[in-house]
Amino acid sequence: MWDTLWIDMHLATMVARPDDAYGRIADGAIAAQDGRIVWVGPRDALPGRPQDLARDVIGCDGAWATPGLVDPHTHIVYAGDRSGEFEERLNGVSYEAIARRGGGILSTVQATRNASADELLSLALDRTRRLIAGGVTTVEIKSGYGLTLDDELKQLRVARAVARHLPVRVHTTFLGAHAVPPEFAGRREAYVDHLLDTVLPAVAAEGLADSIDAFCEGIAFQPDEVARLFDAAQALGLPVRLHADQLSDLGGAALAARYRALSADHVEYASEDGVRAMAAAGTVAMLLPGAFYFVREKTVPPVELFRRHGVPMGLATDCNPGTSPALDLTTMMNMACTLFRMTPAEALAGVTHVGARALGLQDEAGRLAAGLSADIAFWPVGGPHELSYWIGGVRPLGRVFQGRPDAAPALANRHGPV
């Protein structure tokens, strides 16, 4: 007998068919056992009466069910905010100018260093709760606001602790190559040596990172420096991802592909050669419309090139205090459709199975399919396309993580965003 059977709903399984990118099933059912999905299909194909098949049968009042959402790029372990820089940028100061004078990332570094682990955990839990309230069941969390051995370890330990406190799957990423810290001002190569000789080995020894990231840009790290870090990461058996080609074309997309990176993120300036290389390597293009919008960028990611060459496109909040203070994935879906001309089906794929692939979790999350984790979100919409429609996002009626339901809000809110 199954543990739980959900009925009286429509499904967007995200198991695509030639005629339906959503993999829709009208009047569907999902069964879970020991936290895994064991049966998905039309209710009338169930092998018996619902009450004879499962200990707990839950009616969903005609809601739409999708996989639990995946947020595959966040920086949610930090202290402080940068609202003052927001005002500066609106008064004409560029992001690069703020960064070069020691603002930007480095101002968040100082605030994060000054915060205790308990303070950082409290802040990270509050942010993660907001993601969970929006239907998220998997989140990636980066370091990169410590930039010393002790502070990077502190951030990653806090990221790991999030999953012990909340019903969410956490993928941690070491981003020591986020910026050159003040202690190494003017000595970027020496800082890279420090990361290689001291910080990365300690992170790996403690098992704190599921992947390694770097910021490859003129104001951050050069391709040859990133390559040194990625060589070391791969020697340790850690997959890589890259902040690539956000502000200029430094060949970041091709560099990510060279290391078969899980994802190349931002990629507004990716060249066609870089896109071809990503396609050959199976690297996901991680699009971050919140940062594009907030920084008022003008160069749109080459979505049509990604389509033409078969590069899967992920979406994420990129939640961070400087360029994307965002904690709602369905709002990011709307932005991606409006600003980047993605389709609603592409947007939902980006925060489900493509987002999971960008974390190496494609066999664990991101689809409603037998064998995967029973991570489900139930939505008050007329169809999955509507998740990309509302400005301000849509809140789910309920959420299931590893087969365990959260408390559901009142169904009175079913017919519009809240």
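Using N, Cα and C of the backbone, Cβ positions are placed for all residues, glycine too.
Binding of Fe(3+) is attributed by TrEMBL to His73, His75, Asp318, and the same site annotation extends, among His165, His194, His243, to His243.
Same-site candidate for N-formimidoyl-L-glutamate binding, as annotated by TrEMBL with Asn320, Gly322, chosen from Tyr145, Tyr191: Tyr145.
Take the 4-imidazolone-5-propanoate site that TrEMBL assigns to Arg82, Tyr145, His178, Thr323: the candidate from Gln246, Gln402 listed for it is Gln246.
Other residues of the chain with a Cβ within 8 Å of the Cβ centroid of His73, His75, His243, Asp318, the Zn(2+) site, are Thr74, Lys142, Asp265, His266, Leu288, Ala291, Ala316, Cys319, Asn320, Ser324. Note: Arg82 (4-imidazolone-5-propanoate binding site) has non-local neighbours Gly103, Gly104, Ser107, Thr108, Pro321, Gly322, i.e. same-chain residues 6+ apart with C-beta under 8 A of its own C-beta.
Around His75 (Zn(2+) binding site), a 10 Å sphere centred on its CB holds 26 further CB atoms from the protein chains shown. According to DSSP, His178 (4-imidazolone-5-propanoate binding site) sits in a coil region rather than a helix or strand.
Comparing C-alpha positions, His75 (Zn(2+) binding site) sits nearest to Asn320 among the binding-site residues His178, Asn320, Thr323. Summed and averaged per residue, pLDDT over the domain 'Amidohydrolase-related' (65-379) gives 97. Other residues of the same chain near the N-formimidoyl-L-glutamate site, with their Cβ within 8 Å of the Cβ centroid of Tyr145, Asn320, Gly322, are His75, Tyr78, Arg82, Ile105, Thr108, Gly144, Pro321, Thr323.
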